[in-house]
Amino acid sequence: MTLFTTEHLAFFSGLMGNIISFLVFLAPVPTFYTIYKKKSSDGFQSIPYIVAFFSASLLLYYAFLKKNAFMIISINAIGCVIELIYLTIFLIYASRKSRMFTIKLILAANVGALGLIIIITIAFIKTNATRVTIVGWSCAIINVAVFAAPLSIMKQVITTKSVEFMPFWLSFFLTLCATAWFFYGLFVKDWYIATPNVLGFIFGIAQMTLYMIYKNAKPESIKMNSVEQDEENAIDQKEAHPPINIELRTTAAN
């Protein structure tokens, strides 16, 4: 008798994916608490939360098409609510220019793009299996783009030798999240879920490796400041103690 069936393993992986994804969704809470305290969202970007909202909405639609995908429905429904709360707070405290830009992006992504996908798949695609394939590939492409987003941060870490903008624990939980959803996709044979999370796992490991390499490194900006400070100190010392010019005069004996 098998101790754990594929259904048991899929349930466990999906449950872990839900728990870890929920923690990842809550990661920006300190950021929005800062926005609330400052009464301003200046200096912060809304794009990551718009992309997360769009991704969760698209996955929610995919799960409804796929059927019997409760694990995907539960976390993405929660994710949509959380991202909506974040975006609402951002809009309340945004400048007029930033507010209008954010509203336009939300309408373009979650009304325009998502609406277009829903209309095309319902009105023009006859079989549900084909709908699942089209929306599944769309989800996979969006997830790959999301997982590839930290490449710019990784480049910054290598360039500056500073891990200030790449927290270890966020990278760690994102890697765990990708691992859990990969195994969920594997056990339920959902390759649209499993495949992008392979890339997520690889990028997560790469981020943690970079963190371990550069966590004790002296950032380039600090090194430059140290060199500049040393040069300034040397100049100050020269000004305070100017060198004494000694002229040697020789007289010729006639």
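Cβ atoms are placed via backbone N, Cα and C, with glycine included.
Note that the structure is predicted; figures quoted are calculated from it, not measured.
According to TrEMBL, the feature transmembrane segment maps to 12-35 (among others).
Here TrEMBL flags 47-64 (among others) as transmembrane segment.
Marked as transmembrane segment by TrEMBL: 70-93 (among others).
Feature annotation from TrEMBL assigns transmembrane segment to 105-125 (among others).
Residues 48, 51-52, 54-55, 58-59, 61-62, 65-66, 117, 120-122, 125, 165-166, 178, 190, 192-193, 195-197, 199-200, 203, 207 of the same chain sit 6 or more residues outside the transmembrane segment (131-153) yet have a Cβ under 8 Å from a Cβ within it. Residues annotated as transmembrane segment in TrEMBL: 131-153 (among others).
Here TrEMBL flags 165-187 (among others) as transmembrane segment.
Summarising the annotation, TrEMBL assigns transmembrane segment to 193-214 (among others).
Sequence-distant neighbours of the transmembrane segment (165-187) (same chain, 6+ residues past either end, Cβ-Cβ under 8 Å): 6-7, 9-10, 13-14, 16-17, 20-21, 23-24, 27, 71, 147, 150, 153-154, 156-157, 193-195, 197-198, 200-201, 204-205, 207-208, 210-211, 215.
Within the chain carrying the transmembrane segment (12-35), a Cβ under 8 angstroms from the stretch's Cβ atoms is held by residues 4, 41, 44, 49, 52, 71-72, 74-75, 78-79, 82-83, 86, 89-90, 93, 170, 173-174, 176-177, 180-181, 183-184, 187, all 6 or more beyond its ends.
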